[in-house]
Structure formats: structure tokens, C-alpha cells
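Everything on this sheet refers to the single structure shown next.
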């Protein structure tokens with residue numbers, strides 16, 4: 001009897017949760033016939049904390065919604081020009097999220113419709129940047145889809161559901177967060193119908209995609225395969241309600257102005273034909289785009305049902321030289337500021353003369369690439385010096401003037417020791 005009692009006293013106590021004995025853990029806390037170790041306590045705390053954090057995220061979602069004035073002011077910090085479009089977007093986004101926040105407070109049971117947006121503007125006018133900046137301000141998931149890659153289900157290409165799948169990826173498959181996100185569909189003009197006339201061949205990347213996008217944009221309970229539906233057909237689907245997802249569609253619509261000009265000038269050709277033709281030439285493409293109507297977009301190749309899902313249409317202006325100069329220097333994340341920060345990492349100052357900045361803007365204007373072409377121009381100018389600089393010593397400043405931009409000379413290097421200007425050739 002004595003030996004058995006000694007054996008029991010020597011028996012090691014164990015954690016009732018993980019099974020580790022008292023020698024394997026730092027602390028072992030006893031309860032009524034139950035033990036828990038410090039490691040399990042820490043794990044339980046983490047689980048509780050994660051639950052609290054998740055709930056807090058859901059409770060705080062859109063707890064603060066900036067006013068249209070505040071939204072536009074924020075956009076002004078990052079996007080140059082396009083004031084009318086900024087106002088349109090600010091009001092549209094505010095109303096969209098105000099509708100979501102107050103859906104339960106609607107005592108009259110008036111159903112507020114969703115106002116998706118169509119942006120029309122040339123390449124490099126700021127369409128994508130506007131949408132990205134809005135999403136960052138509101139702290140909602142944001143994804144970009146390319147309409148040219150989309151096809152009808154069953155054909156080579158991406159299913160339209162992939163648009164929502166990308167949004168889910170951005171928020172780590174948190175469905176509740178994804179349902180409040182913004183989806184930006186670029187190159188929407190490229191899915192226009194190939195012809196006004198019915199065709200015996202199926203238009204799988206044009207009208208077919210428009211038809212497939214209809215329900216998604218309007219609001220539906222979509223079944224989304226987390227890993228893409230075509231390569232993993234056996235996976236479980238996530239149910240995502242798209243009713244509160246804001247869709248912003250954008251495109252250049254390069255031939256649209258011609259369609260509008262024909263409509264406007266039809267019926268005005270009786271007599272004085274020559275004068276009217278001269279007046280028509282004076283009117284810019286921008287003038288005609290400002291007169292856009294739904295029937296013009298139908299003539300372009302968008303189906304009426306699709307246009308109906310995009311009630312807010314706004315036109316972006318082509319950027320002029322002054323706007324491009326401002327884009328290079330003024331915004332918080334201006335290109336020149338970005339490269340100056342990059343050179344600061346090497347403890348070197350980077351300076352552009354006013355003439356150099358103007359010359360860069362003129363180059364981008366001649367290439368007709370808008371703001372998008374500015375980075376490639378600067379990259380080409382600085383390529384050689386960025387290649388050499390990490391291996392160089394005692395460099396104080398790099399100076400870029402107009403002759404450097406026009407490839408007439410090399411960037412000027414100013415050294416610390418003698419403060420002497422030298423060329424990148426190492427003279």
C-alpha cells in the first residue's frame with residue numbers, strides 16, 4: 001500500500017488540453033480535476049483576440065465616411081486636373097456607401113438603386129489612379145480587371161467571376177469585406193459588339209461578356225471559386241453578394257467622338273455646307289464627348305442593358321502640357337519626388353531644372369501616352385546614372401537639364417570634395 005501511494009505522488013501532472021506534463025511547460029494551473037498550461041492559455045488568448053479584432057473590423061467597417069468635399073480634396077492631393085470627374089466620383093462614391101450604411105434606417109422602405117460608374121477618357125488621363133485613390137481613402141478592397149481577357153463561360157479566357165475572385169484575394173477571402181469593395185474594369189470599350197448587325201458567329205469576347213457581366217454589376221449572389229473555376233472544378237464555392245460592390249468601368253472609346261459628331265451634325269447640312277464643315281473641324285474631340293448619350297454608346301457597341309447598369313457617365317479630359325508638368329512635381333507621390341527619394345537612399349540629391357521638366361512633358365505629349373508615358377521617359381533619362389551611381393563615391397548631386405532630356409548631353413555629376421561638375425562619362 002505504501003509503495004502505491006509513493007508511485008501516485010511521483011506521477012507527473014499533465015495539461016488537460018495539450019497533454020504536456022508539468023516538466024515540459026513553464027506553468028501549470030490547476031482547476032477542479034482539470035489542468036491548463038501557460039502555452040494553452042496563450043493560445044486561447046490569441047483566439048479570443050482574433051475574434052475580437054474580426055468583430056471590430058466588421059463593426060467599424062465604413063464607420064467614418066468622408067463627405068464629397070473631403071473626398072475631392074483627397075483626390076486633389078494625388079490627381080491633377082479632371083475637376084468635374086472628381087466631383088462626379090466624390091458624390092457617387094459617397095451616395096453608394098451612404099446607402100449601404102443606412103439601409104436598416106430606411107423607414108420608408110424606399111429601395112435605393114446602385115449607381116455604378118463609366119469613365120471615358122484617353123490613355124494616361126488618370127482613370128485608374130482615381131479609382132485606386134478612392135479605394136485607399138475608404139479603406140475598402142480594390143481590384144483591377146482587364147475586360148479584354150474576359151470571355152463567356154466555356155470559352156478560352158477568364159470567366160467574369162474572376163473579377164470578384166481577384167477582389168477576394170485582396171482581402172484574404174474575407175467575404176464580408178469583399179462585398180463592400182470596389183471593382184475597376186479597364187478597357188471596357190474593347191468588349192463592344194463587333195457589328196450592329198446580328199452575326200451567325202458567336203461574339204464570345206464582346207456582347208457575350210457584356211451579357212455575362214450584367215447580373216454581376218447589377219447585384220447577384222455569385223458563386224466564386226477561390227482558386228479559379230476552370231483549373232480546380234472540384235473546389236467549394238464562396239457565395240458573394242455583389243449588390244454592394246461598386247463597379248467602375250473605364251475605357252478610351254477612341255471612335256466614340258465620330259459617332260457623336262455624326263449625330264449632332266445630322267439634319268444641319270441644308271445649305272451653307274462649307275461653313276458647317278469648317279465649324280465641325282474647329283470643334284474638338286472633347287467637345288463631342290461631352291455631348292455623349294446612351295444611344296451613342298449603343299451605336300459604339302455596348303448593349304442597352306449594359307449601359308443601363310452604368311447610370312453615371314463622366315468624361316476625362318486629355319492632359320495638356322501644363323497638367324503634365326504639374327503631375328511631375330505637384331502630387332504627394334509625384335514622379336520626380338519618387339526618383340528624388342530613390343536617389344536619397346544613395347545619399348545623393350537629384351535635381352531637375354524647370355526647362356527639363358517642361359521638356360519631359362512635351363515628350364509625353366508628342367507620344368500621346370498621357371501621364372502613363374512620363375515614367376518611361378524619366379527611366380530612360382536616368383538609366384545610365386542609376387546603373388553607375390551605387391559604385392561611385394563622394395557624389396553630392398545629379399543635375400538634369402533640358403539638354404539631358406533631349407539626349408544632347410549626359411547628366412551632370414557634382415562631387416562633394418571639390419564641388420566640381422562632371423559628366424556621367426567620368427571625365
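Keep in mind that glycine also has a Cβ here, set from the backbone N, Cα and C atoms.
The Zn(2+) binding site feature in Swiss-Prot is assigned to 15, 18, 37, 40. The ATP binding site annotation in Swiss-Prot covers 122, 123, 124, 125, 126, 127, 128, 129. The domain 'ClpX-type ZB' annotation in Swiss-Prot covers 2-56.
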If you count other Cβ atoms within 10 Å of each one's Cβ, which of the binding-site residues 123, 125, 128 has the most?
125
Give the three-state DSSP assignment (helix, strand or coil) for residue 125 (ATP binding site).
coil
Model confidence over the domain 'ClpX-type ZB' (2-56), averaged pLDDT:
74
Let me make sure I understand the structure: which of the binding-site residues listed (122, 124, 126) has the fewest other Cβ atoms within 10 A of its Cβ?
122
Other than 122, 123, 124, 125, 126, 127, 128, 129, which residues of the same chain sit close to ATP? List them in sequence order, counting a residue when its Cβ is within 8 Å of the Cβ centroid of the site.
121, 316, 370, 371, 372
Number of other Cβ atoms within 10 Å of the Cβ of residue 129 (ATP binding site) across all protein chains:
20
Apart from 15, 18, 37, 40, which residues in this chain have a Cβ no more than 8 Å from the mean position of the Cβ atoms of those residues at the Zn(2+) site?
16, 17, 19, 20, 25, 28, 35, 36, 38, 39, 41
Would you find the one among the binding-site residues 18, 37 whose Cβ has the most company, meaning other Cβ atoms within 10 Å?
37
Measuring Cα to Cα, tell me the gap between residue 127 (ATP binding site) and residue 40 (Zn(2+) binding site) in whole angstrom.
51
Packing count at residue 15 (Zn(2+) binding site) (other Cβ atoms within 10 Å of its Cβ):
22
So of all those binding-site residues, 15, 18, 37, 40, which one's Cα sits nearest to residue 128 (ATP binding site)?
40
